[in-house]
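Reviewing the structure listed below.
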Amino acid sequence: MRKLLIAANWKMYKTPTESTAFLTSFFPLVKNIETAEIVLCPAMTSLTALVDAARGKSVCVGAQTMHWLNEGAYTGETSPTMLTAIGATHVLIGHSERRQYFNETDTTVNLKLKSALAHGLVPIVCVGEHLNEREQNLTADVLNLQVSVALEGIDAAALAPLVIAYEPVWAIGTGRTATPEIAEDAHKIIRTKIASIAGSDVANATRILYGGSVKPDNARSLCCLDDIDGALVGGASLEPTSFSQIIANATAH
Ligand SMILES: O=C(CO)COP(=O)(O)O
């Protein structure tokens, strides 16, 4: 049985003060929820403050990206060792905005995934097709390629912590959510691909989140499906009430 994971991607929003103020209002709203793991991914500058504020609470804190190396002359970058040193436990890898604006590729996703696993960070690897790819019936090809390159050269035994987030690019920040059928289909494609690479045990244990315009009113219909194990939420995670409603609806029986 896979435990639901609901993650917030705050992108380039919230100062450290705003991040900890969020937690102060948010935590009382979710503290009795035991059926989901909750992860907040703030901007790098808020990580330390949020890790400190979340200590002892059932909320984890993750980064939105990282370099794959431990150190080096890479201006502006943050290493996995730096993240674990401050207590971050999760990391988003290969978000479509990183691929679009910062030249991330399937190959750098693979390097980052190997590095995150080696450092004990829970990797949340983002995959998803563009609208034109969906319109040309290329969704399965795109997802299969993204997943296979991401997992290249990684031992099945090392993949236990892996989380994948299916985020169709056309649904991000657009208010246009994938229908539950579209999302479930894509998640099945991803799970089947993982099984072909790493075996069915790994595939069945891997949590696959849906991301793209998740809101309180669609969280239930997405998260109740067999192959959807949670959500990666952008805009609607910035506000404690809407994010806590997403969690409540996603975990409702
Ligand atoms: O990119 C996303 C999460 O990583 C999704 O963003 P929205 O929820 O704002 O569409």
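Cβ atoms are placed via backbone N, Cα and C, with glycine included.
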*Need a hand: TrEMBL gives Asn9, Trp10, Lys11, Gly173, Gly234, Gly235 for substrate, which of Ser25, Ser148, Ser196, Ser213 is also on that list?*
Ser213
*Can you list which of these binding-site residues (Asn9, Lys11, Gly173, Ser213, Gly234, Gly235) have a Cβ closer than 6 Å to ligand 1?*
Asn9, Gly173, Ser213, Gly234, Gly235
_The record lists Asn9, Trp10, Lys11, Gly173, Ser213, Gly234, Gly235 as binding substrate. What's the largest Cα to Cα distance among them, in Å, rounded to a whole number?_
14
*Identify all same-chain residues not among Asn9, Trp10, Lys11, Gly173, Ser213, Gly234, Gly235 whose C-beta atom falls within 8 angstroms of the centroid of the substrate site's C-beta atoms; report them in sequence order.*
Ile172, Val233, Ala236, Ser237, Leu238
*How many whole Å apart are the CA atoms of Ser213 (substrate binding site) and His95 (active site, electrophile)?*
15
*Starting from Glu167 (active site, proton acceptor), work out which of the binding-site residues listed here (Asn9, Trp10, Gly173, Gly235) have their Cα within 10 Å, and give them in sequence order.*
none
*To the nearest whole angstrom, state the Cα distance for the pair Gly235 (substrate binding site) and His95 (active site, electrophile).*
15
